[in-house]
Amino acid sequence: MGSSKLPVLLLPHPLILLPTARLTLPISRSLADAILSLLDDSDAVLAAIPLPAPDSPSEITYGTAARIARLVRPRNQSSPTQPYLLSLHGVERIRFPSPIQIDQLDILPIHNVVYSSSDGIPSRDTVEAFKHAALVLLDRLAKDSLQPQRKDDWLRVAAIVEDISEQRAAWMADVLVAAVSSPYPDKLAFLAATDVEDRLRRATELFVKQSSIQEVSKKIASAVDESFSRQQKEYFLRQQLAAIQRELHSLQSSPASVGPGFGTGGATSELDDDDQADADDLADLRRKIEALNVNSEERKVGVREWRRLKRIPQGSVENGVIRSYLEWLTSMPWPSNSTTTPIDVLKDPSFLTRARAQLDADHYGLDQIKRRLMEYLAVVRLRAIADTAQTQAQGDAPSTDASLGVIPTPPKKSKGIKGPILLFVGPPGTGKTSLGQSIAKALGRPFQRISLGGVRDEAEIRGHRRTYVASGPGSIVQALRKAGRNDPVILLDEVDKVGHSNFHGDPAAALLEVLDPEQNHSFNDHYINVPVDLSQVLFICTSNTLDTISAPLLDRCEVVELSGYTYDEKLHIAKRFLLPKQINANGLSDSQLTLTDDALLHVATMYTREAGVRSLERAIGAVVRFKAVEWAEWLDKENDAARGEGNAKRNENGNEKQDGNTNETVVGNEWRATVEPHELEKILGIPRWDGEERDREEKRGVVYGLVVTGMGEGGILPVESTALPGTGRLKLTGSLGDVIKESGEIALSWVKTHAFELGITAGRGVDPLKVPDVIDVHLHLPAGAQKKDGPSAGIAMICAFVSLLSGACVPKDIAMTGEITLRGRVTPVGGIRMKVLGAHRAQIRKVILPWANRKDVEHDVALEVRREMQFFFVRTIDEALEAAFGRGALGWRKETVLLESRL
């Protein structure tokens, strides 16, 4: 056993080099350079060390002395990705005097190594056991080899093993273990065996293990091959088993043919006897098909598919497809199996009163929508009464004698009133979706909701054709099946977010047939492929905006706008709906928590600024949860105090008289259920919108305009302008579109034209941006990250320019909107209700609007809002300036007419 120093090469996991074996592995360029220098300076021998497994200790104590057989350079030496190829030949086992640790694979450190002694002759029994195990494994490998050359190689090795001597047995063990595919831990343990006897014993165990694995793998492969050939046989056996089970069931169900002591003797489960349940399902399908109206399209299709089903074997895939289709077809609410609102309910004199009460109980305000729904309900009631009277009149008419050859005409069935297509448009949180549920309750009809947000496939609406795998009906047919009636209330939610034309089709175009009252009486679903009557369905669509809805689809809908709620409406909604809902959801009762009107109004004005009530509900929920925590802590303190009193009573040996100090503690810790406005900052934090109200001030060149955000919420936006040295140009900033930029240029042009009349310049034709000083005007609309466009900021821009150049200021409680022209006219704009409500939320008291929008204010804005605000309706820019700055604030110069006297 000798020792020396060798460079150490770390083999990547799971490579192992055994003595007598050859190994080729890729190496990096830096490692190849180190090996090249090693070839020049020594006899090209290094220590090949296997890298330990990740979950094993990183210390290395043994390896193999290997001779470098070959080092191949890559073809493209300039490419850093192509590695070198190193071939090693194992020579002898080595071990390290002390454990070493190597963290990098691209270095060759020098370490002391000790060569293991290969002297010694193993015992005869060990050699015979090794030979037997090796021959068994080699015979198995030869039988399993598919290539003849490989089979001959294994047989030649087996002949060598039979004639091997005891001195060469250890060498043969190294050769076979290196040639046989075996697990990494087994090879690692074999490499660590330095004693000859131990090495042969480990090789014998490894060969026995590999023989067992080969035998089991062979059995599994043959069993898999046999299973494919047994499938047909298994099919016939299962059919015979099903027939036997049916016969046994018939014997068990007949009490006369079964003697005492026979039978199941216990309760049955719905999971038992699958074949009988299958037969019952088929019988139920047949009854439903027979119940369909004679000569109807759905019955013809059902009969045809039923006959196909009976001809196809039960185990076929097509059988399941047809059966699934028949289940969908028979579960649809056809005229033969559908129920409608009972006539007695419609004829009840209190029908409309109860419907109105239901709408008022679920929603506060929304008078326009409620009025439209009451019109629909009144028409339904009158139509039902008229149809009933007509049917009774036909029944009371004298019957025609059949002997005269005249067949009496059956009474015509009423088609019912067509349901309206309502489109609720408004900002989020205004109650569009919940209003649909309330309408269904008022009508006494089932309610189904279909979310169209993100729908990109036309088949989601019309269904998939039956030629596709796993096809099914569309969402409309699925909603009808769930409802079980042909006149439900179906809510098409987020119709403005449905996808448009793409390679999957056009879902928006598919909705045209659904929402057209003249076409949806024969809606065709691709899966059902039978006309479905949707004329009795009350469709309600919801949308946040009308911009993304196609014009043909919008033409089929009756648009109803929900602009938002005033503070008074929010206060009533919070008291009637939001606060009781949050109290119940957080485990409290009405007596344990009360929010005053001032507190609710403070939450609505200072912590939320939206058209709907979702943020208001979240803020109220935060207050309720805060008080819930206080209530739980107060209960815990009361319980601890009660337990303390009980212990004191037990110590006093039954004295029932209470201590006076305890009563004072209970009174001092009395629960406060009322939340006041001054407590909200501790609960909700600093008010979000209080800063904006304080920052609004009268300033030269600053005017407040009215805007509508992308989600339909109204608000105010300051229009800021300033003068700076320049060349007489106009600069516009704030993410402005082309239209609003043109409004700014029109406003400045009008101001320049009328600068003398406004008292800005001393003479006519003088540019106020160049006399007395040359300046630039910079106009900015804050919130630069939001896109802004539209002509409605014209009045605000003119007032900002006039204020900047004249020095007069517009009061901070005035906001305005309107489009302007170069002639000085103020033209109407849209979104008046949203803008007025936004101004009301921002505590604006005076609003300047175009004269043509007067009817919008009187029709759409609530009376309580109009009472709290002052409106100025203007036709010209002169009237707008007078309303904004006040009478006499601007030094108007009236035009003088010069007369020339001629004699």
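In case you wondered, yes, glycine gets a Cβ from its N, Cα and C as well.
Copied over from TrEMBL:
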ACT_SITE  Ser792  active site
ACT_SITE  Lys835  active site
BINDING   Gly426, Pro427, Pro428, Gly429, Thr430, Gly431, Lys432, Thr433  ATP binding site
COMPBIAS  642-659  compositional bias 'Basic and acidic residues'
DOMAIN    6-211  domain 'Lon N-terminal'
DOMAIN    697-887  domain 'Lon proteolytic'
REGION    253-275  region 'Disordered'
REGION    642-666  region 'Disordered'
In the structure shown, which of the binding-site residues Pro427, Gly429, Gly431 has the fewest Cβ neighbours within 10 Å?
Gly429
Around the ATP site (Gly426, Pro427, Pro428, Gly429, Thr430, Gly431, Lys432, Thr433), what further same-chain residues have their C-beta within 8 angstroms of the site's C-beta centre?
Phe424, Thr542, Asn544, Leu562, Ala611, Gly612
Quick one: mean pLDDT on the domain 'Lon proteolytic' (697-887)?
89
Output, ordered by sequence, the same-chain residues six or more apart from Ser792 (active site) with a CB under 8 Å from its CB, or 'none'.
Gly705, Leu706, Val707, Thr817, Gly818, Glu819, Val829, Gly830, Gly831
To the nearest whole angstrom, what is the C-alpha distance linking Thr433 (ATP binding site) and Lys835 (active site)?
23
In angstrom units, rounded to an integer, how far apart are the Cα atoms of Pro428 (ATP binding site) and Lys835 (active site)?
16
Output the one of Lys432, Lys835 that, of all these recorded positions, has the highest number of other Cβ atoms within 10 Å of its Cβ.
Lys835
What's the CA to CA span in angstrom from Gly431 (ATP binding site) over to Lys835 (active site)?
19
Measuring Cα to Cα, how many angstrom lie between Gly426 (ATP binding site) and Lys835 (active site)?
13
Which one is it: of the binding-site residues Pro427, Gly429, Lys432, whose Cα lies the shortest distance from the Cα of Lys835 (active site)?
Pro427
Please work out which residue of Thr430, Thr433 has the most C-beta neighbours within 10 angstroms of its C-beta, and give that one of the binding-site residues.
Thr430
When neighbour density is defined as the number of other C-beta atoms within 10 angstroms of a residue's C-beta, which of the binding-site residues Gly426, Pro428 has the lowest density?
Pro428
